[in-house]
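Q: Structure provided below as structure tokens; questions to follow.
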Amino acid sequence: YKLSVSPEMDIMEYCRKEWRGNTPVAKRMRKGYEAVAQKFASIRRIRGDNYCAFRATLFQALSQATQLPSWLQSEDLTMLPENLLNKYDWIKQWQLKQKPTKKMGEISDEIKEYLILLRKKWKNISETKDPIEKQEACDKLFKNEEEEYSLYEALKFLMLNTAIELYNDDKNGRRVPVFSWLLFARDTSSNPCQLMHNHLNHIGHTGGLEQVEMFLLAYALQYTIQVYRLYKYSTDEFITLYPNDPEEDWPVVTLITEDDRHYNIPVRMCQETML
């Protein structure tokens, strides 16, 4: 039984435990944590498998959710797997978690179930008004491995859908965000099919999210993901936003990383910050 999101701990206490030495790296990390501690009192460790970017982002989004995002309310959401599979034959090679041999019809049904689960959980948690109850509901969800991984499959599929939309927009001469060019400029993902085969199918199994895929996740969720990148302390990349030109009305979630590979979450905003 593995804890997906550890209980909270004082940020500076955590930092002192993790970064004891006097190396330049340890000093920089301590400075970084001190800066985060100006805004947040505690940290919660996120379990370090290849899903940690999903886990940290989704946990933060649900913890502060007060309503269901409009894209989750849409009737078309549950038709998405079927509609995409009808248009793009190659999606049959979508790799479901630990189930590489599923047939096309089953893939569509299974992903539909994951999307419905995502909507249901988001709705229930956002309707929970009491902050303590809300936190307990989030903690409970992230202790249920079966449900948790199903939600990550839903997120991956939403990322694929967003990538297809961006790719088509670009081909049809519509304006797309800069990260979209970077996403499809990689040798390994020059189109959505390659993106699926070489990247999305591997997330959670053999790799996590790369920088450019953090942008894609943010777009898929219509959330701004703000990340304290501690090893970039004292540079202008210390606090990075995905996307870097966010929409005004997108909610913001905050993560912490020491290396752009593993993400933890800061919690409990300091009172003066909230004012």
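Cβ atoms here come from the backbone N, Cα and C positions, even for glycine.
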Q: Which one of these stretches, 94-100, 185-191, 206-212, shows up in TrEMBL as region 'Linear diubiquitin binding'?
A: 206-212
Q: Sequence gap of 6 or more, Cβ distance under 8 Å: name the residues on the same chain that satisfy this around His262 (active site), in order along the sequence.
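A: Listed in sequence order, they are Ile46, Gly48, Cys52, Gly208.
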Q: May I ask for the distance between Glu237 (site 'Linear diubiquitin binding') and Asp49 (active site), taken between their Cα atoms and rounded to an integer number of Å?
A: 25
